[in-house]
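A.B. asks: Structure incoming, see below.
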Amino acid sequence: MPIQINKTVIFLMGPTASGKTNLAIKLSQQFKTRLISVDSALIYKGMNIGTAKPDKATLKKYPHYLINICSPESSYSVFDFIRDANKQIKTAFAKNELPILVGGTSFYFHVLEHGLSNLPESSTKSKEKFNQLLRNKGTIKLHQDLKKIDPQAANKIHPNDSQRIIRALEVFNLSGKTISELQGNKKPIIDYPIKKIILMPKRNELHTKIETRFLLMMKNGFLNEVQHLKQNPNLHQNLSSIRCVGYRQAWQYLNGKIDKTEMIEKIIIATRQLCKRQITWLKSEKYALVLNNSNLAKAVTFINS
């Protein structure tokens, strides 16, 4: 099988539980690749079971970059991702590797292809300031504050989306302009051709797999994983890491807010809702190879075309 040497970036996208990792590994057996994770949950250390992170043996044999790169209490912005992804893409080309960006965080893919607005960059001091504000006031109150400053942005951001809320407030604090004002004038982050592969199984298959996969997570010690996280005094339910699907609901259960049956039901429903949002976004993607299963032969032909 020929090695892809042209400077082309592969986007391997799909909703949660669609088999992206499996196909990425199969492609690594066909090409000299660099697998780069595009997943805002897989970045966190110690959050393995609930994020469906590839196991240690798999990661050792088929390294995935941008996995396990920060602690759950850390803040990791889209700017951090752009910096890290760009570095990995350049490294791939320097080593004559095919960069395959694989994951389910739609926003990250969108930014790499279409660019980001000319927003002021965050700093460690600024991040600390707004994370402290989040701890003191809570997500809902900060969303109300944002609505007074920038109602347009507030209407687009869910009241529980703490990361985007504090980023919008931070932008206003740093620039004196709202994030809505500054959005515009975008240019692509990636200057190379992009080939997109989208895994899109039937919805009923995804729903079944989501439930089966989560029940397996429970058997594999998901609650023990969350209990271990709760022992870290720096972690709380307003952090982006703990707001990941599954962890938020398990945190509520371990705090006695909901019972186990309700927790399981809430996690499965939330995961299916995430899946629906991902599918909606993926349907708007153009010029992509869409597969309803991990069809390796079609993917290889597409990459080589």
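Note: Cβ is positioned from N, Cα and C throughout, glycine not excepted.
The structure displayed is predicted, hence computed values, not measured ones.
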A.B. asks: Of the residue ranges 63-68, 171-176, 243-248, 267-272, which one carries the region 'Interaction with substrate tRNA' annotation in Swiss-Prot?
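C.D. replies: Checked against Swiss-Prot: region 'Interaction with substrate tRNA' maps to 243-248.
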A.B. asks: Could you tell me which of the ranges 58-62, 163-167, 223-227, 293-297 is annotated in Swiss-Prot as region 'Interaction with substrate tRNA'?
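C.D. replies: That would be 163-167, the stretch labelled region 'Interaction with substrate tRNA' in Swiss-Prot.
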A.B. asks: Under Swiss-Prot, the annotation region 'Interaction with substrate tRNA' belongs to which of these stretches: 39-42, 47-50, 139-142, 187-190?
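C.D. replies: Going through 39-42, 47-50, 139-142, 187-190 one by one, Swiss-Prot gives region 'Interaction with substrate tRNA' for 39-42.
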A.B. asks: Mind tallying the region 'Interaction with substrate tRNA' (163-167) by DSSP state, helix then strand then coil?
C.D. replies: 5 helix, 0 strand, 0 coil
A.B. asks: Show, in sequence order, which residues other than G14, P15, T16, A17, S18, G19, K20, T21 on the same chain lie with their Cβ within 8 Å of the centre of the Cβ atoms of the ATP site.
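C.D. replies: Output for this site, in sequence order: G104, L199, P201.
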A.B. asks: If I take the alpha carbons of A17 (ATP binding site) and T105 (site 'Interaction with substrate tRNA'), what is the distance between them in whole Å?
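C.D. replies: Between the Cα atoms of A17 (ATP binding site) and T105 (site 'Interaction with substrate tRNA'), the distance comes to 13 Å.
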A.B. asks: Give the sequence-ordered set of same-chain residues, not counting T16, A17, S18, G19, K20, T21, with Cβ within 8 Å of the centre of the Cβ atoms defining the substrate site.
C.D. replies: G14, P15, N22, A52, G104, L199
A.B. asks: Enter the number of other CB atoms within 10 angstroms of the CB of G19 (ATP binding site).
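C.D. replies: The answer is 16 other Cβ atoms.
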